[in-house]
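> Sharing the features that TrEMBL gives for it:
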type	residues	note
REGION	1-54	region 'Disordered'
BINDING	Cys308, Cys354, His355	Zn(2+) binding site
Amino acid sequence: MGENMSKRLKLVSGSDSEMEERSFVNPFPDCDQGVLTSSNSATEDDASEPFDANGKISETFNKKVQNKIKDLLQQMEEGLKTADPHDFSGYTGWTGIALLYLQLYRLTQDSSHLQRALDHVKRTLRNLNGRRVTFLCGDAGPLAVGAVVHHKLNNRTESEDCIVKLLQLQRSVTLDSDIPDELLYGRAGYLYALLYVNKEIGPNTVEEAVISKVVEAILESGKRLSTAEKKTERCPLLYEWHRKQYVGAAHGLAGIYFMLMQPGAKLSQEVLTELVKPSVDYVRHKKFRSGNYPSSLSNETDRLVHWCHGSPGVIHMLIMAHKVFKEEKYLKDAVECGELIWQRGLLRKGYGICHGTAGNGYAFLSLYHLTQEKKYLYRACKFAEWCLGYGTHGCRIPDRPYSLFEGMAGAIHYLSDVIEPETSCFPAFQL
């Protein structure tokens with residue numbers, strides 16, 4: 001028995017060499033409220049470098065990031081000349097590029113960015129295929145982003161036309177439809193599109209009754225699987241994708257619970273308390289000793305530290321649970337996630353937001369929003385500093401190297417959020 005137990009602990013913790021294969025050793029000194037805590041050779045000036053004397057992000061750091069954004073944008077636009085003209089998705093295609101330009105317009109009010117967003121949106125709206133209905137990988141993304149871009153340009157008819165078509169997709173997410181519930185390909189991904197439109201255009205642009213039907217289908221689906229798996233007490237809402245019960249933000253429980261806890265989803269306090277809260281706690285109890293989470297309920301290996309699989313995605317669920325239920329245990333677990341991400345979050349997979357360093361950096365921005373502790377803004381800045389060396393660390397090159405979720409566009413989005421941290425928002429996920 002002792003031998004079996006030691007085998008399991010080895011599996012659970014993962015080996016040091018395996019961790020080094022997946023991430024770089026973090027070279028940055030840590031800080032606690034701006035005070036250097038590392039004993040390495042960095043000077044105190046290096047440690048406080050992102051901040052000025054008032055504890056704000058310094059003009060020097062700001063300028064450095066802005067210059068890199070310009071440089072990467074040029075590289076991205078050049079690279080996109082050979083990108084797949086038919087990939088309209090937010091994840092790897094033109095809707096994701098439109099989202100980036102919307103973000104740059106929001107931060108700069110430069111109308112040329114809004115025009116670029118429109119150009120990309122028009123391209124996506126010509127390529128809808130009706131096969132998928134989610135924000136990131138289906139028709140809902142181009143339609144929702146199209147509605148928002150046209151709204152900002154005062155093209156009222158075009159905006160309303162996009163919304164009408166978006167709402168027509170609702171019939172594809174009913175309970176009797178053959179669709180999963182997760183974020184990338186499922187009902188939660190369609191729910192996000194509706195909530196995004198209401199956030200960007202105005203409350204009740206999509207009526208509450210429409211949102212309620214989608215939410216109800218997600219809840220009912222989760223209850224059914226929980227009953228079938230005899231887990232109604234421990235995990236009242238259980239979900240799977242391709243017959244696997246994933247945990248993370250992209251395909252799993254954390255992403256679905258995160259969407260259900262959004263204020264715009266309008267769940268009753270009773271449903272939140274009786275169905276969502278115990279389900280969130282069920283995920284909490286799957287935590288490894290390191291502070292990381294498994295990729296699926298059946299996986300006991302502590303390997304992946306990505307937004308899609310692992311702590312960098314689960315942390316957002318925990319932070320939302322803390323906001324909704326006001327219990328310290330969720331904040332405590334989120335802080336543990338943050339420690340793990342600081343240690344193992346500089347990824348060899350690249351700089352993107354799905355499974356790269358920029359996506360992991362958003363965990364620190366979210367912790368900063370919640371706690372206002374400078375330590376987390378410092379860490380977010382250091383992950384941004386790593387991204388300033390884009391392409392110099394020997395990371396893997398993604399299949400779609402300029403896209404929002406896999407590539408350069410996501411890193412640019414993150415860099416732009418770091419210099420305006422109070423309004424930062426993980427694209428196509430946070431609201």
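Just so you know, glycine gets a Cβ as well, placed from its N, Cα and C.
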> So if I draw a 10 Å sphere around the Cβ of His355 (Zn(2+) binding site), how many other Cβ atoms end up inside it?
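Other Cβ atoms within 10 Å of His355 (Zn(2+) binding site): 25.
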> When a 10 Å sphere is centred on the Cβ of Cys308 (Zn(2+) binding site), how many other Cβ atoms does it contain?
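That number is 22.
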> Which residues, sitting 6 or more apart from Cys354 (Zn(2+) binding site) on the same chain, put a CB under 8 Å from its CB?
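Within the chain, Cys354 (Zn(2+) binding site) has Cβ neighbours under 8 Å at Tyr91, Ala250, His306, Trp307, Cys308, Phe405, Glu406, Gly410.
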> Take the mean position of the Cβ atoms of Cys308, Cys354, His355, the recorded Zn(2+) site. Which other residues of that chain put their Cβ within 8 Å of it?
Ala250, His306, Trp307, His309, Lys349, Gly352, Ile353, Gly356, Gly359, Phe405, Glu406
> Could you check what DSSP calls His355 (Zn(2+) binding site) once collapsed to helix, strand or coil?
coil
